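Novice: Before we start, here is the structure in question, set down as structure tokens.
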Amino acid sequence: MDFASSVQRQSMFHGGADFASYCLPNRMISAKLCPKGLGGTRFWDPMIDSKVRSAIRSKRNVSYRSSLTLNADFNGRFYGHLLPAKPQNVPLGFRLLCQSSDSVGDLVGNDRNLEFAEGSDDREVTFSKEEKDTREQDSAPSLEELRDLLNKATKELEVASLNSTMFEEKAQRISEVAIALKDEAASAWNDVNQTLNVVQEAVDEESVAKEAVQKATMALSLAEARLQVALESLEAEGYNTSEESEVRDGVKDKEEALLSAKADIKECQENLASCEEQLRRLQVKKDELQKEVDRLNEAAERAQISALKAEEDVANIMVLAEQAVAFELEATQRVNDAEIALQRAEKTLFGSQTQETTQGKVLDGKNTIVGEDEVLSEIVDVSHQAERDLVVVGVSSDVGTQSYESDNENGKPTADFAKEAEGEAEKSKNVVLTKKQEVQKDLPRESSSHNGTKTSLKKSSRFFPASFFSSNGDGTATVFESLVESAKQQWPKLILGFTLLGAGVAIYSNGVGRNNQLPQQPNIVSTSAEDVSSSTKPLIRQMQKLPKRIKKLLEMFPQQEVNEEEASLLDVLWLLLASVIFVPLFQKIPGGSPVLGYLAAGILIGPYGLSIIRNVHGTKAIAEFGVVFLLFNIGLELSVERLSSMKKYVFGLGSAQVLVTAAVIGLITHYVAGQAGPAAIVIGNGLALSSTAVVLQVLQERGESTSRHGRATFSVLLFQDLAVVVLLILIPLISPNSSKGGIGFQAIAEALGLAAIKAAVAITGIIAGGRLLLRPIYKQIAENRNAEIFSANTLLVILGTSLLTARAGLSMALGAFLAGLLLAETEFSLQVESDIAPYRGLLLGLFFMTVGMSIDPKLLLANFPLIMGTLGLLLVGKTILVVIIGKLFGISIISAVRVGLLLAPGGEFAFVAFGEAVNQGIMTPQLSSLLFLVVGISMALTPWLAAGGQLIASRFELQDVRSLLPVESETDDLQGHIIICGFGRIGQIIAQLLSERLIPFVALDVSSDRVAIGRSLDLPVYFGDAGSREVLHKIGADRACAAAIALDTPGANYRCVWALSKYFPNVKTFVRAHDVDHGLNLEKAGATAVVPETLEPSLQLAAAVLAQAKLPTSEIATTINEFRSRHLSELAELCEASGSSLGYGFSRSTSKPKPPSPSETSDDNQIIEGTLAI
């Protein structure tokens, strides 16, 4: 749609019964959208001058006068046009400042000459030289002026909100009128077609009548011919008088024939007259019908023209509504900028006051005045920064401001400045508190504190607990306050934990498990633990004696021989006991995670701790299946389509991360640490990998699997699982003990090529066999209705595919992932996921405990500086590399930092790689022990690193509203996702359900508070207008499969449906309707399915009341389902006449459901096609 010009200023709209004033940016007003209201007031007309079109195409500057008025009660039709005023070339240009308190007369009476230049920057303002010099001399606004700016921006936001709501309502009304006109046009054309059908029938009857007339004429001619023949025959008989008797008989016969011919002639004449009369009537009727057709044609054409004009009006008002919402978003940004500027000024002022108080006891009065000058300069700097961030609205040079600026210019601050600053600080506190209270009133149940949501997040994978929708948060507490509060609540457990920790340190220092310690390399690590423990304090020495006392107590018990079976059982009991004790304990610690509990339990009962577990090797072999079941579960929650949409990050970001990180670490290891080339290659590739099990578990616990950084992290981890195969193949080839004599390019190429072929054959076979066999096999087993056999078949599929990939040289986890990916496409995925949940949880916990068993705390104490330095370099270096690589792939800085923190720790495959390197003679056992320790500690730090990433995001990402705007690069990997328009209570529940099933979605809302809450929970929620084509394009609407629309107002819902159906018709839209009439209009606008919001809440309340009335649960469910089915059937029947499908957008094979039996629900008696949107 072309616009004549974008006027870069604000205009005043004045209308309504109460003459309320509305501020609107003049870029919303174009020569094509020109206002002409009632009573001579001009409003928009869809026609536009061709000269103005060419002007906008050539991007020429057009000047307009500044006065426009809008009647708030216009009836939805636009007429007339706004002619551009004669351009006035004036050397000056400035921004016209429009406040909600201004009037139209003020704007009209403004006799200044304005010139507005159209350009890329909407906020570019030019001043004359005098004004520019004056502005440079003026100092920044004071705190009071900043508060005034904030108040003005808040008022402007309120006006913009009312304005956008008004335009959305008008857009809805105009659209409804357009729909009615369209229906009238369609009805008129139907009447025309029906009349034409009647005319055609009349024409057919006319042709039949003409044929009858022709037949009657022919019959009359035949009768006359017979009469003539009879007369001639009679005359001929009269001349022949041979026999009188014969003549008499012949004459008699001839007379009879003559009479018969006369009768036929008479009958034919009557028939002919009747046919001619009928033909005349049909011709008259045809003429009348033709006139009726002409009249209906004219009426239909008029209705069609009116409908087309109405559609143009709808397009125009939709553009105006979109621009009104855009202005509201800009006003929100200005309010946010004003708040930030005010907070900066207050922070600077409070800091300066504290500094003055501290220095006041030493400095004299002169120094105090100098300190005040420094404070003033800081405030001026902050004010200049705020001025650059703000679009200054209504800054007028009043007397107070001028006096303040003159004081600053002369460098003579008053002696009472400190007192005034203190008063201003107190006022600013009250303003901020009042502002926070207003925001909390706007969102009473939705904007609960971030701290509360984060605490509940640790308890469950559901990121929206029930308290989120009912609690009123008192504000976001700091991290320190949350730690103190948690410590007060959990102080007995903390004391117990520190006691156990001290006992463990004492045990390690006392040399428990000395026989299991690996030999140390003198030139790399320090083998003496005495240097560490010689300086211990008396309390620690007393704690070191605890293990000996515990051993003495144990020796007092009678000793019995333990056979192999009992030893295995005891190992299982110790593992379960340790997990039961440590996991709940670490979950209570702030920032704790079950992973940390498992790791701590493994350290304590492992070979480097109390040495309780005897068969460590067998335990590790079993624990590997924990990772197998985890990857199988991840595959169940994904799909082939979603995986294909992530190929950019899997093969792009993943390969870049592995190659770059391995190269950097390998070079540092070779040139800085002096390791050999093969060892540097193994160390670089081993440390480049991350822990799939730990990271995915942490993401699921925190509910971040579907977030931006969660998707990117999973993609990199998936590629790392493939890269492990290459590393394990490479280690024997570069070994000095290899039969081929070390590194050989040909040998490596041959091995990798053979491995690639085997992997491709194995993966292809698994995918092909799974698609052909899994569904029939599971159907056959499900028909037996045996849960044990069903679970056994699931275990067979998991272990079988894992074995196949292991035999092909791939990891077992990759095979399980493929099996889960194939089962996700069947209808048995939910049952399969439920069956494997117990195995997955226990085996995954066992895996984390085996990782803890690999950590040697005594070796850590002996080589603490070396290990901590290596650990710090690993975490910081990998994070920096991932941030750089992620930025190149379009990931934002904050998301890239969070991905880097999650991928920075080492992985479980490093244990395998380093162990194999020791066996091949590439690295020494001492070095591998140190690397085991570094990798194990880094894995233990993963939950805290994830929490640190969230803290960074909450501190930096949510400061500015602009950071909440959608960016196309952040959603370009989404395919077939869901768009949630409106992140209120309904949108949040939908987001929770989708996130729990790992279904990708993107949410939009115009409330920055709601968006900030969603972003703090790592959800893909963006600040934007759901009815804007540009915003919808940025969130990938052209690739989305459906949209759930639950905005606050009916007008906003209607505008969003209209935009999606017009610009993105492939997206199925499911909308919340306020009532049936609203739902019908939404369906006419293009909604796929409409859900009346009154039905389901009524049914829920009715169910609660019936339960209170002591009705059985089964009877309540039957009654509710019966009513729902009957209501939807009646609603569908009522909508059949209008051609809509209101009633959740699905059809039934039966018009009315059968009454359900006691043993059956109503859902068993009807076949439903489609998805029930409730």
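Cβ coordinates are placed from backbone N, Cα and C, and glycine is handled just like the others.
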Novice: Are Gln587 and Gln675 on the same side of the membrane in Swiss-Prot?
Specialist: no
Novice: Determine which residues of the chain contact the transmembrane segment (649-669) at the Cβ level, with the cut-off under 8 Å and only residues 6 or more beyond its ends counted.
Specialist: 643, 675, 679-681, 683-685, 687-689, 711-712, 715-720, 723, 873-874, 877-878, 881-882, 885-886, 888-889, 891, 903, 973
Novice: Is the transmembrane segment (679-699) packed against any residues at least 6 beyond its ends, judged by a Cβ distance under 8 Å, and which are they?
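Specialist: For the transmembrane segment (679-699), the nonlocal Cβ contacts are 593-595, 626-627, 630-631, 634, 657-658, 661-667, 669-670, 705, 710, 713-714, 716-717, 720-721, 723-724, 727, 730-731, 734, 813, 844, 847-848, 874, 878, 902-910, 913-914, 917, 922-923, 927, 931, 935, 939, 942-943, 946.
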Novice: Count up the helix, strand and coil residues in the topological domain 'Chloroplast intermembrane' (768-807) according to DSSP, in that order.
Specialist: 38 helix, 0 strand, 2 coil
Novice: Taking a Cβ cut-off under 8 Å, which residues six or more beyond the ends of the topological domain 'Stromal' (614-620) line up next to it in the same chain?
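Specialist: Same-chain contacts beyond the flanks: 567-568, 570-571, 575, 606-607, 846, 849-850, 853.
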Novice: Short question: most Cβ pairs under 8 Å with the transmembrane segment (808-828), which of 593-613, 714-734, 747-767, 842-862, 899-919?
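Specialist: By the under-8 Å Cβ criterion, the transmembrane segment (808-828) pairs most with 747-767.
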Novice: Do any residues of this chain, six or more beyond the ends of the transmembrane segment (899-919), have a C-beta under 8 angstroms from a C-beta of it, and if so which?
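Specialist: For the transmembrane segment (899-919), the sequence-distant neighbours (Cβ-Cβ under 8 Å, at least 6 residues beyond its ends) are 627, 657, 679, 682-683, 685-687, 689-695, 698-699, 709, 712-713, 716-717, 720, 724, 727-728, 731-732, 811, 847, 851, 854, 874-876, 878-883, 886, 891, 925, 928, 931-932, 934-936, 938-939, 941-942, 945-946, 948-949.
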Novice: Counting Cβ pairs under 8 Å that sit 6 or more residues apart, are there three or more between the transmembrane segment (842-862) and the transmembrane segment (566-586)?
Specialist: yes
Novice: Restricting to the topological domain 'Stromal' (670-678), what is the model's mean pLDDT?
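Specialist: Taking every residue of the topological domain 'Stromal' (670-678) together, the mean pLDDT is 86.
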Novice: So if I exclude everything within five residues of the ends of the topological domain 'Stromal' (829-841), which remaining residues of that chain have a CB under 8 angstroms from its CBs? That is, six or more out.
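Specialist: For the topological domain 'Stromal' (829-841), the list is 625-626, 629-630, 632-633, 636-637, 790-791, 794-795, 798, 823.
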